[in-house]
Amino acid sequence: MHLDHAVTYPHRHTHSADPLRPDGTRRALRIGLGGPVGSGKTATVAALCRALRSELSMAVVTNDIYTREDAEFLLREAVLPSERITAVETGACPHTAIRDDISANLEAVEELEDAFREHGRLDLILVESGGDNLTATFSRGLVDAQIFVIDVAGGDDIPRKGGPGVTTADLLVVNKTDLAPHVGSDLDRMARDAAAQRGELPVAFQSLRGPEGVGPVAAWVRERIAAWSPR
Ligand SMILES: Nc1nc2c(ncn2[C@@H]2O[C@H](COP(=O)(O)OP(=O)(O)OP(=O)(O)O)[C@@H](O)[C@H]2O)c(=O)[nH]1
Ligand SMILES: [Mg+2]
């Protein structure tokens, strides 16, 4: 096909990826949580809200295919006031809404930032993707960092299988370690495989049923916040 005129594409809605607000201060840090269905993303979001809400101004965006179940769970658990929780119904494969056409999610994030502009501003927005497969990753136009949550019950060969979530996420969380003895998962092997796939990138083994709970992941978020907000 021959085109004798310039082809223009619609301008993508990613202007708010700029980390600076118009007044020169930093906008809220946006962290995405992705991973297979049922690995513990919403439970991790809930635990992070409980751990960090007294020190950070937080909000959450959830993504479900046809429902608002994750947002409703967070509202029922009262992890944050309702005006800080927004649901996006993707209506299609969850990864589409976090990687390809991110406009609905960006709009949700920007509306939250606008709503709190006058009232102390937001420090942190968590964006939970709908459960998907090992290939789901967030667009860097939507989030500044991403956490990939897998669990020991999904099979201890998942770190070995790799995929962009396991290999490139800024933090890999291996959740439900309390179930390892019951499902025959070898945590040492998972740690070795994850290190082989990820090199220097961090991995957190977590049990939300255990005494440490979300502690290590909350500590990682605090480090990211400290690196994000020096202005
Ligand atoms: N034993 C155990 N169960 C957990 C842990 N974390 C989460 N769960 C349970 O695992 C189930 C799924 O957790 P969710 O947080 O809903 O998982 P999700 O990844 O958000 O699921 P989708 O959004 O549907 O993909 C729930 O029943 C949680 O209570 C854990 O550390 N240990
Ligand atoms: Mg969920």
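The first residue you see is number 1, and the count goes up from there.
Using the three backbone atoms N, Cα and C, a Cβ is placed for every residue, glycine included.
Annotation note: LYS41 (GTP binding site) sits in a helical segment as assigned by DSSP. Neighbour list (LYS41 (GTP binding site), Cβ cut-off 8 Å, at least 6 residues apart, same chain): LEU33, GLY34, GLY35, ASP70, GLU128, SER129, GLY131, VAL149. Look at TrEMBL and you will find GLY35, PRO36, VAL37, GLY38, SER39, GLY40, LYS41, THR42 tagged as GTP binding site.
The domain 'CobW/HypB/UreG nucleotide-binding' annotation in TrEMBL covers 31-203.
The region 'Disordered' feature in TrEMBL is assigned to 1-23.
DSSP assigns GLY35 (GTP binding site) to coil, not to a helix or a strand.
Proximity of GLY40 (GTP binding site) to non-local residues of its own chain (separation of 6 or more, Cβ distance below 8 Å) is seen for VAL149, ASP151, VAL173, ASN175, LYS176, GLN206, LEU208, given in sequence order. Listed in sequence order, the binding-site residues among PRO36, VAL37, LYS41 whose CB lies under 6 angstroms from an atom of ligand 1 come out as VAL37, LYS41.
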